[in-house]
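Down below is the structure, laid out as structure tokens.
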Amino acid sequence: SETAAEKFERQHMDSYSSSSSNSNYCNQMMKRREMTDGWCKPVNTFIHESLEDVQAVCSQKSVTCKNGQTNCHQSSTTMHITDCRETGSSKYPNCAYKASNLQKHIIIACEGNPYVPVHFDASV
């Protein structure tokens, strides 16, 4: 079965797309990355940077996660991300999303050895 690091990559990494933020992108990607299986995941962020650059955030500034854990890290530079949010009319199995194309710092949780991203916490 999938590791936490693999799940992070499936749910959040889209390195090679520059994603012009159209809702089609979110609708396709949420489906393709299996976040509409059994329910519609309400919010999800895709990161359009190299995996190497995102993994490097694990050695950048330590911050407290939303849940109070202390293994979150904030990127020193802004990153190109797409926020996908469920629309009001979205209803499983016809999950519908709108896209926001953003340039923000990401906050991710890291764990393990090697110390790698396992959870997307926020963007600021």
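The backbone N, Cα and C atoms fix where each Cβ goes, and this holds for glycine too.
The following features are taken from Swiss-Prot:
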REGION    1-23  region 'Disordered'
COMPBIAS  1-13  compositional bias 'Basic and acidic residues'
BINDING   Lys7, Arg10, Lys41, Pro42, Val43, Asn44, Thr45, Lys66, Arg85  substrate binding site
ACT_SITE  His12  active site, proton acceptor
ACT_SITE  His119  active site, proton donor
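The DSSP breakdown of the region 'Disordered' (1-23), given as helix, strand and coil counts, is 10 helix, 1 strand, 12 coil. Listed in sequence order, the residues of the same chain lying 6 or more apart from the residue listed as 'active site, proton donor' and placing their CB within less than 8 Å of its CB are Ala4, Phe8, Cys65, Ile108, Ala109. According to DSSP, Val43 (substrate binding site) sits within a strand segment. Within 10 Å (C-alpha to C-alpha) of His12 (active site, proton acceptor) lie the following binding-site residues from Lys41, Val43, Thr45, Arg85: Thr45.
The sparsest Cβ neighbourhood within 10 Å, among the listed binding-site residues (Lys7, Lys41, Val43, Thr45, Arg85), is found at Val43. Within 10 Å of the C-beta of His12 (active site, proton acceptor) there are 19 other C-beta atoms, taking all protein chains into account.
When the Cα positions of Lys7, Arg10, Lys41, Pro42, Val43, Asn44, Thr45, Lys66, Arg85 are compared pair by pair, the longest gap among these substrate-binding residues is 22 Å.
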